[in-house]
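Lifted from TrEMBL, the feature list:
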BINDING   GLN37, LEU38, ARG39, ASP40, LYS41, ASN69, SER108, LYS137  4-amino-2-methyl-5-(diphosphooxymethyl)pyrimidine binding site
BINDING   ASP70, ASP89  Mg(2+) binding site
DOMAIN    7-188  domain 'Thiamine phosphate synthase/TenI'
Amino acid sequence: MPLDLSLYLVTDPELCARHGLVETVVAAVRGGVTVVQLRDKRASDGEMIDQARRLKAALAGSGVPLIINDRLAVAMESGADGLHMGQDDGDVAAARSALGEEAILGLSVQNHTQLAHIDPVALDYLGFGPVFATSTKRDHATPLGFDGLAALVAASPLPAVAIGGLKAEHARQVWGAGAKGPAVVSAICGQPDPEAAARAFFDD
Ligand code: TZP
Ligand code: MG
């Protein structure tokens, strides 16, 4: 199935605890989320494999892929659809050969220097950010703004999502900058109604 990056949900263990991880993700998918990334910096691999298996079961039949943040072993053992790597999360080509051709493989890119060094053959998509400063990720890079985002997208050989401080009212500017879609944590996770929060990205 072609990868639809229109609205990319990244989970956060604390924020998703409000309604429960699986409940939050299922509601967000009802609201229009097209990709789910399981991100938990503190869980053990075993805990994350368990979470990923529960999410995979909940997403069955939805066509929405499940991508694992950072951890190749979890992606491989859990039956997830792919892996999202940061700049310090190891070798992209090695991850591609371990995961196989069918897996979805993404990489976070913060600037043009990093973009110049990507391996476009091994990767499926990029995540550009942060667009804005955000408290959801500690020690994030300098914010790009929409002009910085547009410049990265213009130079990118791969489709990209934009991340960092994005709310529903920014969706048009994200698409306008040429990104395939916004990637969000707090605009959906932890909201009173995650389904409505996701749907709001598609409202005018
Ligand atoms: N990478 C860059 S910013 C960010 C990540 C994982 C966090 C985005 O969270 P939010 O709540 O959508 O600003
Ligand atoms: Mg990472």
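Positions of Cβ are set from backbone N, Cα and C atoms, glycine also.
Remember, TrEMBL labels are computer predictions, not curated facts.
Known features from TrEMBL, placed on the structure.
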{"residue": "GLN37", "record": "4-amino-2-methyl-5-(diphosphooxymethyl)pyrimidine binding site", "contacts (Cβ under 8 Å, 6+ apart)": "TYR8, LEU9, VAL10, THR11, LEU66, ILE67, ILE68, ASN69, HIS84, ALA183"}
{"residue": "LEU38", "record": "4-amino-2-methyl-5-(diphosphooxymethyl)pyrimidine binding site", "contacts (Cβ under 8 Å, 6+ apart)": "THR11, MET48, GLN51, ALA52, LEU55, LEU66, ILE67, ILE68, ASN69, ALA80"}
{"residue": "ARG39", "record": "4-amino-2-methyl-5-(diphosphooxymethyl)pyrimidine binding site", "contacts (Cβ under 8 Å, 6+ apart)": "VAL10, THR11, ASP12, ASN69, ASP70, HIS84, VAL185"}
{"residue": "ASP40", "record": "4-amino-2-methyl-5-(diphosphooxymethyl)pyrimidine binding site", "contacts (Cβ under 8 Å, 6+ apart)": "THR11, ASP12, PRO13, GLU47, MET48, GLN51, ASN69"}
{"residue": "LYS41", "record": "4-amino-2-methyl-5-(diphosphooxymethyl)pyrimidine binding site", "contacts (Cβ under 8 Å, 6+ apart)": "ASP70"}
{"residue": "ASP89", "record": "Mg(2+) binding site", "contacts (Cβ under 8 Å, 6+ apart)": "ASP70"}
{"residue": "SER108", "record": "4-amino-2-methyl-5-(diphosphooxymethyl)pyrimidine binding site", "contacts (Cβ under 8 Å, 6+ apart)": "HIS84, MET85, GLY86, GLN87, LEU126, GLY127, GLY129, ILE163"}
{"residue": "LYS137", "record": "4-amino-2-methyl-5-(diphosphooxymethyl)pyrimidine binding site", "contacts (Cβ under 8 Å, 6+ apart)": "PRO130, GLY164"}
In sequence order, those binding-site residues of GLN37, LYS41, ASP70, LYS137 whose CB lies under 6 Å from ligand 1:
LYS137
So which of GLN37, ARG39, ASP40, ASP70, ASP89, LYS137, listed as binding-site residues, have a Cβ under 6 Å from an atom of ligand 2?
ASP70, ASP89
Stretch-averaged pLDDT - the domain 'Thiamine phosphate synthase/TenI' (7-188):
97
Check SER108 (4-amino-2-methyl-5-(diphosphooxymethyl)pyrimidine binding site) against DSSP and tell me helix, strand or coil, would you?
strand
Can you count the other CB atoms that lie within 10 A of the CB of ASN69 (4-amino-2-methyl-5-(diphosphooxymethyl)pyrimidine binding site)?
21
